[in-house]
Amino acid sequence: MAVALIKERYQNKVGEVIIGATAAEGGTRTSVIKVGGDAALPFLHFEGKIENRTVIAMEVTDIPPAWNDIIKSQFGDVLNDPAAWAKRCVEECHADMIYLKLIGASPEGENRSPEECAKVVKDVLAAVGVPLIIVGCEDPEKDNELMAAIAEATAGENLLIGIAEQDNYKSIAAAAMVHKHNVIARSPLDINICKQLNILISEMGLPLNRIVIDPMIGGLGYGIEYAYSIMERARLGALANDKMLSMPMICTVGYEANRAKEANAAEEEFPGWGDLNDRAILWETLTATALLQVGASILLMRNPAAVRLVQQNINDLMENA
Amino acid sequence: MALTGLEIYKQLPKKNCGECGTPTCLAFAMALASGKGALDACPYVTDEARENLDSASAPPIKSIKFGNGSVLGDETVLFRHDKTFYHPTTLLVEISDALSDDDIQAKLDEINGLEFDRVGLHYSIDGVAILETSGDPDRFAKVVAQIAAGTDRSLLLLSENVEALKAALPSVAARKPLIGSATEANYESVVNLAKEHSVPVIIKAEGIEALNTLVESAQKLGYKEFVLDPGTRNPSQTLANLTHLRRLAIKKKYRPFGYPVIAFTSKAEPLAEIAEASVYVSKYASAVVLKASAKAHVLPLMALRQNLYTDPQKPIQVEPILHSVGEVNENSPVYVTTNFSLTYYSVEGEVEASKIPSYILPIDTDGTSVLTAYAAGKYEPEKIADALEKSGVAEKVNHRNLIIPGYVAVISGKLQEVSGWKVIVGPRDSSGIITFTRAM
């Protein structure tokens with residue numbers, strides 16, 4: 001007697017977002033990235049097509065970042081040159097995209113002008129052929145000015161830009177609409193705010209397939225389970241035809257995982273925790289692999305060794321696609 | 001899931017003989033459904049009916065207990081947000097009997113050392129899987145005995161050769177090890193051996209269909225202490241099988257799959273193996289057998305396990321008493337936060353990184369974060385002032401400066417008034433603490 005396996009039938013797929021534009025499309029990318037489009041829960045190929053595999057965008061900053069030595073030592077001097085750094089990420093680490101964070105614009109730091117930042121963006125665009133994700137410095141006022149300028153300077157490139165939040169979304173959504181980019185919509189681990197923000201953005205006229213959801217994950221050991229469940233609920237909602245949840249999801253894995261003590265403390269300080277190098281790699285890796293199981297479409301990562309492991313994990317899980 | 005009166009009635013003889021003390025079978029069924037009376041009162045209920053009734057009222061996934069407090073199965077949902085996951089994946093590290101005695105001891109020592117403390121929690125490895133690869137039952141028995149003597153953790157005896165299991169099991173049966181595996185070729189002898197010693201046994205077959213057939217055959221031997229192994233050894237297929245088995249057990253109450261499932265990693269390289277294991281811990285494996293045993297490798301996996309098996313409705317809390325970070329003295333800064341574990345440890349981590357020894361007082365907010373607590377009226381100035389006084393921190397420092405979370409800046413005036421301390425508004429996120437301390 002054959003076992004009647006349960007294969008769910010869903011009414012809807014996750015929306016597909018295209019990031020990047022080739023010359024024919026008005027941009028300068030050599031390839032574009034498509035995310036989303038899933039017709040089932042993560043990696044369950046037996047019940048739905050997973051159109052586009054999860055991609056990894058490696059983080060590059062416009063000024064050298066204050067990251068730990070475990071990661072910095074894997075890059076060396078190239079951290080002083082965003083374009084070279086981005087190139088290294090693509091050529092050596094096979095990053096699918098580059099996630100450029102314009103921390104130099106921070107009023108509490110160098111307070112670089114939008115023009116200076118736009119120059120860095122152009123340099124990075126020239127250095128790599130993969131699509132770009134660009135965000136500001138987390139200062140809402142500065143970012144409104146900054147990202148509007150970046151969006152204009154890169155019109156045609158079909159970037160993914162951020163961040164739109166419930167209390168500050170109009171400027172960036174408008175910039176995305178006018179200059180034809182995609183937007184990261186970020187909500188604080190709250191599925192209702194997530195939906196509300198998507199409604200507000202789409203009411204401004206930005207099509208739903210230009211929105212990527214950032215659920216504001218917590219890293220491994222520091223709240224990852226909250227994001228895990230929010231993302232699972234969002235994915236189930238999307239498959240059940242909730243249009244305001246049917247967007248691909250982006251996760252700040254590199255940032256959150258590396259905030260943890262466990263990703264930074266030397267073995268001498270915590271002998272019970274073992275070797276720091278492997279521990280740090282796995283702290284970022286498992287933050288990513290857990291979230292892959294709940295629908296992460298874009299992983300923003302820092303540690304090249306972790307990137308390699310996650311790429312392997314994705315390949316393994318896409319085997320029966 | 002309780003049965004209705006009608007469902008129970010269907011299994012009864014329907015003689016209406018009254019010998020159970022109730023005039024009709026339907027009335028008896030209704031009584032049983034509401035928890036009154038016992039099925040045994042009916043002298044005519046058939047074994048098959050009894051079986052069906054037991055089966056229908058049993059939990060979707062059997063609880064299998066073994067070893068030193070290990071519990072497998074007894075799960076009720078597909079998604080933790082539907083309720084919670086109950087029994088954290090049992091993690092076992094494998095040792096092959098083909099290794100030398102010294103290598104075995106070294107590996108065992110490493111496994112015994114897998115005890116971790118982080119964020120006020122303690123994690124321990126659950127047990128050791130002893131793998132028979134020597135082909136020699138006596139060797140297997142000897143190694144099992146050596147390992148049993150060298151650890152108090154749960155044991156899994158793994159061989160498909162019943163002679164090896166027969167040789168090794170008796171001396172450790174009292175420890176109630178899990179044994180495996182019963183396969184199509186050997187299941188009668190292996191399951192009977194398990195039954196004889198009252199230990200649970202892994203039923204292993206290649207794929208769902210074969211597993212179904214084998215479980216049904218094995219059940220006919222009159223034993224049900226089973227753990228399932230669908231035989232796959234690659235991440236994609238294993239994920240699919242774990243999902244199929246869990247879905248059928250939960251959604252259809254499919255009895256042949258109403259047992260916990262064990263997964264085995266296939267990657268040889270430790271970091272890749274842990275990444276693979278994270279998939280199984282996330283998705284439905286009740287037990288995972290690993291090869292990796294280095295602290296740096298196992299700790300992240302145990303953190304993930306603990307995170308996902310946290311009850312969503314029961315936030316982890318820290319004790320709402322005065323904590324100190326580093327070598328504090330009378331000049332040390334004093335921070336106040338909430339007793340939600342995540343909040344507290346985020347603050348503690350940043351304070352530690354600031355390298356300025358400080359006091360931290362978590363206020364009892366029923367384990368909620370700063371914003372949630374404030375919105376719920378659990379983070380009021382009076383309560384904080386009261387906790388401050390009770391904490392005795394006033395005797396420990398010669399200043400009266402209190403750093404509060406930036407998000408509740410609005411209470412600073414009132415708090416200053418009721419506590420008598422000077423209130424300093426700190427950063428809105430714990431990640432701002434280091435910058436904040438530089439500016440202090």
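Easy rule for this one: first residue shown is 1, then count along the chain.
Just so it is clear, glycine is given a Cβ too, placed from its N, Cα and C backbone atoms.
What TrEMBL says about a protein is an automatic prediction, not a curated fact.
Listed in sequence order, the residues of the same chain lying 6 or more apart from B:CYS20 ([4Fe-4S] cluster binding site) and placing their CB within less than 8 Å of its CB are B:PHE28, B:GLY37, B:ALA41, B:CYS42, B:PRO43. Mapped onto three states, the DSSP output places B:CYS20 ([4Fe-4S] cluster binding site) in coil. Annotation source TrEMBL lists [4Fe-4S] cluster binding site at B:CYS17, B:CYS20, B:CYS25, B:CYS42.
The Cβ of B:VAL370 (5-methoxybenzimidazolylcob(I)amide binding site) lies under 8 Å from the Cβ of B:THR337, B:THR338, B:THR343, B:TYR379, B:PRO405, B:TYR407, B:VAL408, each on the same chain and at least six residues away in sequence. TrEMBL lists B:THR337, B:THR343, B:GLY367, B:THR368, B:SER369, B:VAL370, B:SER430 with the feature 5-methoxybenzimidazolylcob(I)amide binding site.
Feature annotation from TrEMBL assigns domain '4Fe-4S' to B:1-59.
Under the DSSP three-state reduction, B:SER369 (5-methoxybenzimidazolylcob(I)amide binding site) is assigned to coil, being neither helix nor strand. Per-residue confidence over the domain '4Fe-4S' (B:1-59) averages out at a pLDDT of 85.
Across the fold, the C-alpha of B:SER369 (5-methoxybenzimidazolylcob(I)amide binding site) and the C-alpha of B:CYS17 ([4Fe-4S] cluster binding site) stand 63 Å from each other. Comparing the binding-site residues B:CYS17, B:CYS25, B:CYS42 on other C-beta atoms within 10 angstroms of each C-beta gives the minimum for B:CYS17.
Taking the Cα atom of each, B:CYS17 ([4Fe-4S] cluster binding site) and B:GLY367 (5-methoxybenzimidazolylcob(I)amide binding site) are about 58 angstrom apart. B:THR368 (5-methoxybenzimidazolylcob(I)amide binding site) sits 52 Å from B:CYS25 ([4Fe-4S] cluster binding site), taking the CA atoms of both as reference points. Cβ contacts within 10 Å of B:SER369 (5-methoxybenzimidazolylcob(I)amide binding site), excluding its own Cβ and spanning all protein chains shown: 21. Residue counts for the domain '4Fe-4S' (B:1-59) under DSSP (helix as H, G, I; strand as E, B; rest coil) come to 28 helix, 0 strand, 31 coil. B:THR337 (5-methoxybenzimidazolylcob(I)amide binding site) falls within a strand when secondary structure is assigned with DSSP.
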